[in-house]
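Enquirer: Sharing the feature lines straight out of TrEMBL:
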- Ser148, 202-203, Asp222, 257-261, Thr283, Asp309, 333-336, Ser381: NAD(+) binding site (BINDING)
- 62-361: domain 'D-isomer specific 2-hydroxyacid dehydrogenase catalytic' (DOMAIN)
- 156-335: domain 'D-isomer specific 2-hydroxyacid dehydrogenase NAD-binding' (DOMAIN)
- Arg285: site 'Important for catalytic activity' (SITE)
- His333: site 'Important for catalytic activity' (SITE)
Amino acid sequence: MAKVLCVLYDDPVSGHPASYARDDLPHIASYPGGQTLPTPRGIDFTPGQLLGSVSGELGLRRFLEDQGHTLVVTSDKDGPDSVFERELPDADIVISQPFWPAYLTAERIERASRLKLAITAGIGSDHVDLDAAIRHGVTVAEVTYCNSISVAEHVVMMILSLVRNYLPAHQIVRDGGWNIADAVARSYDLEGMHVGSVAAGRIGLAVLRRLAPFDVHLHYTDRHRLPAEVEQELGLTFHPSAEDMVPACDVVTINAPLHPETEGLFGDRLLATMKRGSYLINTARARIADRDAVVRALESGRLAGYAGDVWFPQPAPADHPWRTMPHHGMTPHISGSSLSAQARYAAGTREILESWFAGSAIREEYLIVDGGKLAGTGAHSYSTSGPQA
Ligand code: NDP
């Protein structure tokens, strides 16, 4: 029987919700491109309810305990005295979400001698030291596509929010004010701007598709070029590198995984090549941008705005400079954890566990590391010998 150690974010301050703003979720038939949504044999939760926090337990308890497995759920994940540290040595499976990552460092993997499976209930497994997972034969799987559209919507919201100066204008209203000049002195139309995406994978392409009706000029860079008909349909300009793309853009959105090729990409050097007054949106991973270089670029006016939901570390300390830098539109790490997304990644986590316990293959697209090497989506989008986020 397996011990499953599940790290989830804390419940709402006022407790697990007794009711919700809406009664149901829309039916989504399939993801763009045809990949099917998660197909577990069953679920023990109501889609649309809060599953990603401790009391939600990703809807897994009954499923696991009925089969005799043990489920330990905690939000206490950091430091030598944390519940996670204490429970890890005899855990067979670790589940965690990127929003509240249980950092599986090489040292932790070393001490977790029974660990065989690390599931990311979401997308982005950079909180796991993939090299160490490869060395120790740990399978790493994530729920590919579960929240890609959720993030893409968040990116579009943040682009509009920065360019239109929405957040400061909203704050004026909340403060009882009405100075229109204050609100509009940094407000522009997105129409006609050049918008570029670093990566055109599931999220990047969905962002580009959603922006096309805004009559903007769309650019992208990626390790693999999109099919010519997609480039034509959306009017995309391909650039061989981020270095080549960003000087041409008014708005840049980062949608690549964190791995050795992308860590620190947006440092002083690359930021200096951006147009004065550019906007940078990063919902991918914080460490793709250099923390202090972003602050400097906002202070100098090189960047007119920075927004995103990814920080390092997570949770971000109270004195993290991104909380107080000028012209930012940061949120906590939430874009991929809408109630809609939670229903999908809870079901996907269950599907992965069902396959694992049955000894059958985990869907190829869910795999990041398997059999001692990068596999599935991991083999396509990640590289090794890299950063430990
Ligand atoms: P995909 O795997 O579909 O797409 C990632 C894309 O990045 C691929 O097209 C890949 O290229 C490309 N890429 C990799 N390295 C580079 C590079 N050096 N330069 C340019 N492009 C590169 O993943 P998703 O779109 O679903 O997710 C992307 C990332 O977004 C995740 O890895 C995660 O970090 C983040 N994310 C954030 C969430 C949030 O809540 N904020 C939620 C979900 C994801 P190719 O495959 O062609 O080699």
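Heads up, the Cβ atoms here are built off N, Cα and C, so glycines get one too.
No curator has checked TrEMBL annotations; they are predicted automatically.
From a predicted model like this one, the values you see are computed outputs, not experimental measurements.
In the displayed structure, how are the listed features positioned relative to their neighbours?
Expert: A sphere of 10 angstroms centred on the C-beta of Pro257 (NAD(+) binding site) encloses 22 other C-beta atoms.
Under DSSP, Arg285 (site 'Important for catalytic activity') is assigned to coil, being neither helix nor strand in the three-state scheme.
The C-beta environment of His333 (site 'Important for catalytic activity'), restricted to residues of the same chain at least 6 apart in sequence and closer than 8 Å, consists of Pro98, Phe99, Trp100, Asp309, Val310, Trp311, Gln314. Under the three-state DSSP scheme, His333 (site 'Important for catalytic activity') falls in the coil class.
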Enquirer: When neighbour density is defined as the number of other C-beta atoms within 10 angstroms of a residue's C-beta, which of the recorded positions His259, Arg285 has the lowest density?
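Expert: His259, out of the recorded positions His259, Arg285, has the fewest neighbouring Cβ atoms within 10 Å.
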Enquirer: Test of understanding: give the count of other CB atoms lying within 10 angstroms of the CB of Ile334 (NAD(+) binding site).
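Expert: Cβ-Cβ neighbours of Ile334 (NAD(+) binding site) within 10 Å number 16.
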Enquirer: Starting from the Cβ of Asp309 (NAD(+) binding site), draw a 10 Å sphere and report how many other Cβ atoms land inside it.
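Expert: There are 24 such Cβ atoms around Asp309 (NAD(+) binding site).
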Enquirer: Sorted by position, what residues of the same chain at least six away from Ile203 (NAD(+) binding site) have a C-beta under 8 A from it?
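Expert: Non-local contacts for Ile203 (NAD(+) binding site): Ser148, Val151, Ala152, Val155, Asn255, Thr283, Ala284.
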